[in-house]
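A.B. asks: Mind looking over this structure? Questions follow.
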């Protein structure tokens, strides 16, 4: 009697407690392995393997296993409005949230909780049409405002004139110092549908992920330094605001207020992280009790390396680590290999 299915089910229980990224990879690898098992062991092993595959199929179709781990919590369960509540709306069921910008003001929200390390993911649909000058920001920050000593991890989506590609800018701050920008094109139109934007943060790396594809790897060197934010808990924020002094073609393209209001849409916030409790929670220690602080989360997997290499070849518009005109000496963190 084949024992592969019960063993795989045991591993599935472990995988279910892990991130959507790792779960997706796990399911793919298991289906491949069962295909091989069926080929080698043929009929006498087929029933057990098919039962397992059927179970996975049902779980995926019914949503028990999802590549994006959808959260059914409403907006108010996780977030507070930062400003301009009249520019914030939700769907009737509270599952989709809308932030709008007009020539008077934008809007923003933040989590009620602070976190230090973990996986944080949101599905966002960006402003469509002519969005020049409009910035939708999705980020983590240690302070409510842009304080001089803040730590911060940024996704910024830079609006465009109609027909031009959206650009995504990422940045990392430690103790108020940023200037670590990277810009990427996207391989899809982010205004047509919702896409997942995620941050994996532990003491070893910060991973910026779009639809489970790593677009930026930011490593720590394991020593006290001035570039890796790992000491301060952070809130998670999102906002929409006018930045036509720099956001589109360096400020050459201004916001067309006749197109207002500009609306960004959100849903399915999910996280698996260490919620902050003073003086500090046990989960911030490197105990490897949590998947986001285990060895596999400190490095890219082989499949992630392939995706990351493709992004590097095709989608990078700007990398501060290669800007010798801006930096006389390349920053220390730029010498750390994302492949290790």
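Keep in mind that glycine also has a Cβ here, set from the backbone N, Cα and C atoms.
Annotation source TrEMBL lists domain 'GH16' at 69-266. Residues annotated as active site, nucleophile in TrEMBL: 152. Annotated active site, proton donor per TrEMBL: 156, in sequence order. Feature annotation from TrEMBL assigns N-linked glycosylation site to 160.
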A.B. asks: List the residues of the same chain that sit at least 6 positions away from residue 160 (N-linked glycosylation site) in sequence and have their Cβ under 8 Å from its Cβ, in sequence order, or write 'none'.
C.D. replies: 130, 131, 132, 166, 167, 248, 253
A.B. asks: What number of additional C-beta atoms lies within 10 angstroms of the C-beta atom of the residue listed as 'active site, nucleophile'?
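C.D. replies: A count of 21.
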A.B. asks: Once near-sequence residues are set aside, which residues in the chain of residue 156 (active site, proton donor), 6 or more away, have Cβ atoms under 8 Å from its Cβ?
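C.D. replies: Listed in sequence order: 135, 136, 137, 138, 139, 168, 169, 170, 171.
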